[in-house]
Amino acid sequence: MAQVQEFEKALSNSETSVAAFDEHGTSIVKRIQHFLHSTPAAVPLIVLVLSIAVFGVTIGGRFFSSYTLTLILQQIAIVGILGAAQTLVILTAGIDLSIGVIMVISAVIMGNCAVTYGLPTLLAVVIGLAAGGACGLLNGLLVAYMKLPPFIVTLGTWNIVMATNFIYSANETIRDADVDVQAPLLHLFGLNFKIGTAVLTFGVIAMVVLVLILWYVLNHTAWGRHVYAVGDDPEAAKLSGIQTKKVLISVYTLAGLIAAFAAWVSIGRNGSISPSAAVTDYNLQAITATVIGGISLFGGRGSILGTLFGAMIVGVVSMGLNMLGADPQWKVLLTGVLIIGAVAIDQWIRKVSV
Amino acid sequence: MTQEPILTARGLVKRYGRVTALNSCDFDLYPGEILAVIGDNGAGKSTLIKAISGAVIPDEGIIELDRKQVLFKSPIEAREAGIETVYQNLALSPALSIADNMFLGREIRKPGFLGDWLRMLDRPAMEKRARDKLTELGLMTIQNISQAVETLSGGQRQGVAVARAAAFGSKMVIMDEPTAALGVKESRRVLELILDVKKRGLPIVLISHNMPHVFEVADRIHIHRLGRRLCVIDPKQYTMSDAVAFMTGAKLPPEAALAA
Ligand SMILES: Nc1ncnc2c1ncn2[C@@H]1O[C@H](COP(=O)(O)OP(=O)(O)O)[C@@H](O)[C@H]1O
Ligand SMILES: [Mg+2]
């Protein structure tokens with residue numbers, strides 16, 4: 001080896017364990033911070049368990065029954081699925097304001113194809129899914145190639161899709177009874193079965209299975225790692241050889257597809273198909289579930305299991321307050337507190353880096 | 001040099017709006033050598049190596065690898081051709097683990113059904129190889145390979161980036177200011193890594209502002225000025241102050257060096 005510089009001679013007597021990844025003396029707070037850093041779904045899970053416990057104690061058996069708890073799951077199925085779609089987008093440091101309205105137009109398309117045009121129901125579903133995927137693809141192309149901010153792109157497509165939806169549907173609702181007669185398959189996810197007093201719908205099962213599949217894909221496939229890398233530091237991801245544009249396009253397309261799937265589930269839950277469904281509510285609830293679930297709005301951090309827990313937290317809180325007979329505004333207030341708390345914790349966990 | 005260069009570039013031009021980062025720049029790298037690239041801030045050193053590593057597509061000019069013209073449209077293509085780069089900003093994903101970072105963009109999948117159909121990553125295999133590599137480079141005690149990169153110190157991150165390049169480079173390794181953010185001890189470690197890589201027969205391009213380090217390890221020094229190669233000097237024939245004088249324009253390089 002070339003000779004060592006004069007001023008570096010002193011190094012020869014120094015410690016040789018250079019850059020070893022040892023854990024330095026850690027306080028309990030630091031250790032908690034590290035644990036939460038490596039287990040991002042822990043916070044929402046703890047909050048969920050705590051809120052179930054609190055309402056269980058204050059309300060008693062009426063709340064803490066498998067009937068009530070499964071009823072909560074039924075109520076959050078749609079938001080949970082939309083939240084899963086939103087999670088994918090937020091992991092890339094984006095946001096999708098259009099998923100709510102993509103869900104509504106997909107439902108209208110499925111209903112019209114099956115009921116009004118008399119197409120086979122399965123084909124109608126496929127067309128609806130394709131429409132949702134196409135809306136997502138449009139978002140993806142605009143974000144990846146036009147390099148427009150996701151907030152602006154999806155605010156634009158939200159309006160475009162909403163107007164298209166009203167023009168196309170002439171704001172006509174498809175009645176529950178018509179769907180039942182002509183296309184019962186559209187009500188598939190509303191079907192339920194009982195295990196004791198627990199009542200589960202196929203919609204609930206679909207939500208859980210979807211989240212588990214996405215969890216696997218995000219954590220155990222290359223594509224999933226790339227989604228995190230793109231959200232974390234797009235420049236670094238690109239230099240590491242990741243095709244960031246393709247990743248973004250696939251994420252937005254998949255989000256659109258999942259929103260269309262949520263449409264199918266929503267037809268099962270609502271019975272009828274209305275073009276004027278409460279889009280803004282769905283949007284905000286999905287984002288709320290994602291944020292409370294610990295998905296960082298800055299991208300690249302969080303576990304999709306957290307989103308599921310986040311949706312459950314909102315469901316538990318609203319059911320609990322409801323059973324206590326509280327003013328519904330308390331639920332809104334508490335949700336706000338949870339959102340701010342979640343973001344504050346996220347910021348704190350991020351400071352883990354040395 | 002009597003050997004053929006492994007990589008040559010001729011007349012590279014890269015403009016950013018009104019800034020000309022590369023102005024008809026030439027470059028040669030010979031087998032087995034350590035070529036240092038020095039130059040003022042903004043001289044275009046990073047742009048030059050990005051053009052070679054596919055991170056930037058030059059507006060004009062020709063790059064030949066092993067006498068065959070190449071036109072890399074992305075860093076993946078350069079990597080597939082065996083060119084590994086440690087970028088100035090490291091290009092690591094802070095939230096991902098050490099192992100995930102080392103294999104980012106070239107993950108190993110499980111064999112059989114799990115890998116082919118479920119596309120499952122072979123974490124144990126990736127972690128083992130990452131651990132072996134880091135250990136080989138004397139960079140780690142073994143337990144924390146799944147630790148997020150952002151929990152590492154600057155020197156450790158640099159170690160991961162260098163290890164990644166050293167692990168995968170088959171033709172050449174490029175390092176853009178690898179010691180700029182490091183302390184004395186960590187810089188020494190990286191220099192040793194560079195010499196290790198050279199011992200394995202891989203040529204290295206080393207961009208650095210640290211003259212003592214450059215003169216210690218380099219076989220040749222490419223002096224970059226105003227977006228082009230000013231001259232190439234032999235560190236045994238010139239002093240550090242000569243090099244600094246050429247690089248800042250205080251002194252004109254000799255004819256012989258210009259022809260190199
Ligand atoms: N992405 C970019 N956009 C605009 N200008 C750039 C970009 N990258 C580099 N430049 C400009 O090109 C010139 C050369 O930069 P660089 O190659 O980074 O120099 P060095 O690495 O030698 O310090 C500088 O003037 C810099 O401002
Ligand atoms: Mg530079």
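From the backbone N, Cα and C atoms, a Cβ is placed for every residue, glycine too.
Keep in mind that TrEMBL annotations are predicted by a computer and have not been checked by a curator.
Per TrEMBL, the feature transmembrane segment maps to A:41-64 (among others).
Residues annotated as transmembrane segment in TrEMBL: A:76-109 (among others).
Feature annotation from TrEMBL assigns transmembrane segment to A:121-144 (among others).
Per TrEMBL, the feature transmembrane segment maps to A:151-170 (among others).
The transmembrane segment annotation in TrEMBL covers A:195-218 (among others).
Residues 77-78, 81-82, 84-86, 88-89, 91-92, 94, 96, 99-100, 102-104, 106-107, 110-111, 125, 128-137, 139-141, 143-144, 179, 186-190, 203, 206-207, 210, 223, 226-227, 230, 237, 273, 277 of the same chain lie 6+ residues outside the transmembrane segment (A:247-267) yet bring a C-beta within less than 8 angstroms of a C-beta in it. The feature transmembrane segment is assigned by TrEMBL to A:247-267 (among others).
TrEMBL lists A:305-324 (among others) with the feature transmembrane segment. Outside the transmembrane segment (A:305-324), and at least 6 residues removed from its termini, the chain residues within Cβ reach (under 8 Å) are 40-41, 43-45, 47-48, 51-52, 54-55, 58-59, 62-63, 68, 71-73, 75-76, 79-80, 83-84, 86-87, 207-208, 211, 215, 285, 288-295, 330-331, 334-335, 338, 342.
Summarising the annotation, TrEMBL assigns transmembrane segment to A:330-349 (among others). The list of residues near the transmembrane segment (A:330-349) in space but at least 6 beyond its ends in sequence, with Cβ under 8 angstroms from a Cβ of it, reads 33, 36-37, 40, 43-44, 47, 288, 291-294, 296-297, 301-302, 310, 313-314, 317-318, 321-322.
Within the chain, the transmembrane segment (A:195-218) has long-range Cβ neighbours (under 8 A, six or more residues past its boundaries) at 65-67, 69-71, 73-74, 76-78, 80-81, 84, 87-88, 91, 188-189, 224, 227-228, 258, 261, 265, 268-269, 303-305, 307-308.
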